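Per TrEMBL, the features are:
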ACT_SITE  9  active site, 4-aspartylphosphate intermediate
ACT_SITE  11  active site, proton donor
DOMAIN    1-157  domain 'FCP1 homology'
SITE      65  site 'Transition state stabilizer'
SITE      103  site 'Transition state stabilizer'
């Protein structure tokens, strides 16, 4: 069986970034905006290393973010030390739809039955809700264990014939979008999503 494709969001899913200095930042990335270089402070979500390593073993992983490449690419370079991401897609690959950047999974040219999207923003996957495994938005809670907790679920999902047999089941806990998660992916004030991803 070929590896399924896992599309993974960046901001508030794997990392949190800010223009404001963060004391314990994992990375500081210089980003040039309108001729001025700004320092972007990046915090890694707890267990992101373990999550990416394991997902890279199980899936063909694709980074898909609504952020600008000039920010997201260097962050991905620092984050993905194992070369897990087979491809990286940025804002220009999104569809601007009703005020939001939407990730159209059809652009991947793969069977949708074999694609999962992991994202904190329901607006990002409104074209493909049945392919989504929602995650809570993460900012700075160092006790968060969501990525670690998801690993066993994704280990099982990697072996099913068709992801819809699991994800289309509306009773499945990972297919329930918490009310607080339903938000525009455009509302990131001092956060850098240079965008919103």
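One is the number of the first residue shown, and numbering goes on along the chain from there.
Note: Cβ is positioned from N, Cα and C throughout, glycine not excepted.
Quick caveat, the model's predicted, so the values are computed rather than measured.
The two recorded residues, the residue listed as 'active site, 4-aspartylphosphate intermediate' and residue 103 (site 'Transition state stabilizer'), have Cα atoms 10 Å apart.
The C-beta environment of residue 103 (site 'Transition state stabilizer'), restricted to residues of the same chain at least 6 apart in sequence and closer than 8 Å, consists of 7, 9, 64, 66, 89, 93, 94, 95, 117, 119, 124, 125, 127, 128.
Minimal Cβ crowding within 10 Å, among the active-site residues 9, 11, is found at 9. The 10 Å shell around the Cβ of residue 65 (site 'Transition state stabilizer') contains 32 further Cβ atoms across the protein chains shown. A Cα-Cα distance of 8 Å separates residue 65 (site 'Transition state stabilizer') from the residue listed as 'active site, proton donor'.
Looking only at the domain 'FCP1 homology' (1-157), the predicted model's pLDDT averages out at 97.
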